[in-house]
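Taking it in order: structure first as structure tokens, then the write-up.
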């Protein structure tokens, strides 16, 4: 299931350190729904056509210089438009003075105005980068997300495959849990990220034991709040009729999240198999392939070289 996200203006204060100069604490609860920002140059001239009202507005050096040449009544009219009900906030950047007309209009509406000494171009980068992450659509995936050897491993499969038990064994081996049962995934700059819902954060459900708090039981290193998803492992019931990957030269399987293609391995689950060791080995093999070391291709080359040599000997 995919969820569309919103955040509040308060994140710009809490995470970026911008200072609030108009409106009270309730004003910071205004929702932000768009990642993009706007420089309201045309709006200050009175041109309001085709304006996206839901963007964060940034007043920089150019806008401040233009404002200084405007009369008070005109400014109030312009700021009345910019502080409309859909607009989340106005940020005055570069250490510029906040116009008294803006403060007057904003306080009358309990509208949040923020200031920062950071330049407008830097503010745009900071705000867009933060909102890209905060507002990215989220999809919920049934599975377990672990950090294994520094790689984000999403383990999926039907219920009863032992994913949580494998996660517990991996934690005992020094790896870290990110999410159990439900993984919330989103994309930031073409990388899939994953985290746990607040309700189940840091918790692991083990049949026969119940819910355990991995941080309390194993220490802080056993849990991470979020992680990139680097590849996927699917647990399937063992079926002797299926042909499973044996050598590794077969076509790579993929798993798509928001059109991002992730490599996928399929592990058949059978009594007596050490699934945690298989996960670790799968991760190590993935890391080696990233460095250009492919054992399957090496084996295939050896076989082909051997067959070629045998053929040459027969021709002699």
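Note: Cβ is positioned from N, Cα and C throughout, glycine not excepted.
As annotated in TrEMBL, region 'Important for the catalytic mechanism of dephosphorylation' covers the listed stretch 268-273 rather than the other ranges in 250-255, 256-261, 262-267, 268-273. Distant neighbours of the region 'Important for the catalytic mechanism of dephosphorylation' (268-273): 157, 161-162, 235-239, 242, 244; these residues of the same chain sit at least 6 beyond its ends, with a Cβ under 8 Å from one of its Cβ atoms.
When the Cα atoms are compared, residue 142 (active site) and residue 158 (ATP binding site) turn out to be 8 Å apart. Residue 158 (ATP binding site) falls outside any helix or strand according to DSSP and counts as coil. For the recorded positions 159, 164, 181, a Cα to Cα distance of within 10 angstroms from residue 205 (Mg(2+) binding site) holds for 164, 181.
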